[in-house]
Amino acid sequence: MDYLVKMYDEYSYVDKLADSRTKGWAFVDSIYTVIAAVAIYNWAVRRGIEYMKNRPAYNLKGLILIYNLLVALVNAYILLETVICTTALNYGLFCNENAKNNRDPLEMRLANISWLFYIAKYIELFDTVFFVLRKKQQNLSFLHIYHHSSIVFFIWIRVKWFPTGNSFLTIIINSGVHVVMYLYYGLTLLGPKVAKYLWWKKYLTILQLAQFLFGVYVHFVSMKMNCTFYPKWYSITEIIYVVIFIFLFTHFYIKAYSTGTKHKKIS
């Protein structure tokens with residue numbers, strides 16, 4: 001019990017260090033909101049698989065096509081807005097400070113985009129919902145569930161404590177990758193006439209690996225340059241987190257595209 005009290009006290013202390021500019025914004029204030037969302041997500045996946053076990057798969061092609069295009073558009077908007085704001089603010093590649101008391105219109109605009117980027121991660125949980133309803137259990141891998149469960153938490157940390165500054169790099173790279181990904185997913189639904197032009201599927205995985213490697217590089221360089229944007233413990237934590245993804249995505253790539261392995265088509 002004493003340990004739990006100590007944990008609560010430590011979280012309360014860290015919570016007071018959060019960026020005041022995003023205080024009170026939806027899904028930002030409390031860690032319990034994130035924990036509840038992730039718990040409900042994992043519970044819904046398990047219950048959904050059980051529910052669909054003896055039922056025919058739903059035909060959701062039209063709905064999923066619209067969903068993929070909308071998610072691609074949201075990410076394109078996030079990408080464009082981030083580039084506009086950071087260019088106007090003269091951001092460099094490294095050591096851009098998160099000025100917690102800076103309520104300059106451009107800084108606030110960037111903070112709002114960071115929040116939208118965070119909310120987009122909740123929207124993308126519907127990827128899993130559609131897999132469950134279409135009985136695509138082969139797509140419900142550990143990588144898929146772990147990715148969606150954990151990314152919400154890590155982006156929440158950024159919005160709550162570092163909504164501006166060097167967080168823009170993650171937003172630009174990840175939203176750019178997701179524009180390409182969701183456009184690809186949408187195109188796969190247009191039938192065999194389009195499918196023959198989707199030979200570049202494996203390069204999506206390479207693109208994802210590249211973004212993770214770049215993320216590790218940025219954190220290492222930032223620590224070497226003694227940037228104060230992120231606490232050192234957070235940079236180390238995120239490097240470990242990203243390295244796990246590099247391992248998982250590399251394993252997926254080797255399994256899916258190594259010589260003699262039949263290429264799997266995303267449905």
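For all residues, glycine too, the Cβ spot is worked out from N, Cα and C.
A quick note: this is a predicted structure, and the numbers were derived from the prediction, not measured.
Listed as Cβ neighbours of the transmembrane segment (24-44) (distance under 8 Å, sequence separation of 6 or more from its ends, same chain) are residues 11, 115, 118-119, 122, 125, 128-129, 145, 148-149, 152-153, 156, 159-160. The feature transmembrane segment is assigned by TrEMBL to 24-44 (among others).
According to TrEMBL, the transmembrane segment annotation covers 65-93 (among others).
What TrEMBL lists as transmembrane segment is 113-133 (among others).
As annotated by TrEMBL, transmembrane segment applies to 140-159 (among others).
A Cβ distance under 8 Å defines the sequence-distant neighbours of the transmembrane segment (171-191), meaning residues of its chain 6+ beyond its ends; these are 61, 64-65, 68-69, 71-72, 75-76, 78-79, 82-83, 86, 113-114, 117, 120, 124, 197-198, 200-201, 204, 207-208, 211, 214-215, 265-267. What TrEMBL records for 171-191 (among others) is transmembrane segment.
Sequence annotations record features per position, and here TrEMBL assigns transmembrane segment to 203-221 (among others).
Look at TrEMBL and you will find 233-254 (among others) tagged as transmembrane segment. The list of residues near the transmembrane segment (233-254) in space but at least 6 beyond its ends in sequence, with Cβ under 8 angstroms from a Cβ of it, reads 141-143, 146-147, 150, 154, 157, 202, 205-206, 208-209, 212-213, 215-216, 219-220, 222-223.
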Maximum Cβ pairs under 8 Å to the transmembrane segment (65-93) - stretch from the list 113-133, 140-159, 203-221: 113-133
Tertiary contacts of the transmembrane segment (113-133), as residues 6+ beyond its ends and Cβ separation under 8 Å: 22, 25-28, 37, 41, 44-45, 48-49, 52, 57-58, 60, 63-64, 67, 71, 74-75, 77-78, 81-82, 85, 139-140, 144-145, 148, 151-152, 155-156, 158-159, 163-164, 167, 171, 174-175, 178
